[in-house]
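Notes for the one structure printed next.
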Amino acid sequence: MHCAIDALPFCIATLVAAAAARSPVTQTACPTRHLFRSREAEASKRKKASVAWQEELKEQVADVPFEVLQQAQSSGQLPSFSHKKHLVDTKRANKNRPMEVTSKKPVGRLREVIQAPKKDIRDPRFESLCGNFEEARFKKAYSFLYDEELPSERQRLQKVVKKGNAGEEVEEAEHKLAWIDRQLREEEQRRKQAEQVTQFRAKEKDAVKQGKKHYYPKKSEKRKEELVRKYQELKATGKLEKFLEKRRRKNAAKDHRYLPYRRPESNQD
């Protein structure tokens, strides 16, 4: 039987009191058999009792006018049952603006703070878009480093070493000077080898035109030709004896490691 409109406050108070009496209350001193009851079971029971109470109260006030219910709810006599979630509009006016995220969820440590466009890093050595690598063409394009830049830097460092006193600046200049000399020697050696390869290919090309077969020299033959060329070059410049003496000392030091050591003689009285 539904409550009358005039007796609505008293009816609501009676229902709330009855529901509170029926709702399970957690006791401070529980018997021994209830000590091992899980918290999840207690929470589910409280939730079911609350839902049943809310449904019963809704049935009691089903025919009550909306104005009376709103007045009772505003005065605190009738509890609110709205459990609608507040949906946050995450749409952005512009895709470059940051997205609005709810503050109820914990923020991860690794997160994208600013949505910036991704940069594609390309290495021209391994990209097919940059073409194939040609060593001869590359050396020709950057030949000014060995022809102009390094020699001028070498002259400047030589002046620094001559004018400067013993110190860190002079030591650094000497290290750079040694590095430049080594780079120039290696580049000169490389150019000579490239020139020999070019001459050999030109001879082979002419031989093939004459009807001969291709000739592919072995690595051992290439090493022999390199030694003969180096010997002739050292002999022409007058540095052959110095080179041979240095090679003898190096071989002697290498052989000395394999010589047996002399046993120490025991002192006998």
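Quick reminder: no glycine exception, Cβ is built from N, Cα and C everywhere.
According to TrEMBL, the feature compositional bias 'Basic and acidic residues' maps to 252-269.
Nonlocal intrachain contacts for the region 'Disordered' (188-224), taken as residues 6+ away from its ends with a CB within less than 8 angstroms of a stretch CB, comprise 136, 139. What TrEMBL records for 188-224 (among others) is region 'Disordered'.
According to TrEMBL, the region 'Disordered' annotation covers 245-269 (among others). Beyond its flanks by at least six residues, the region 'Disordered' (245-269) meets no residue of its own chain at a Cβ-Cβ distance under 8 Å.
Taken from TrEMBL, the feature signal peptide covers 1-18.
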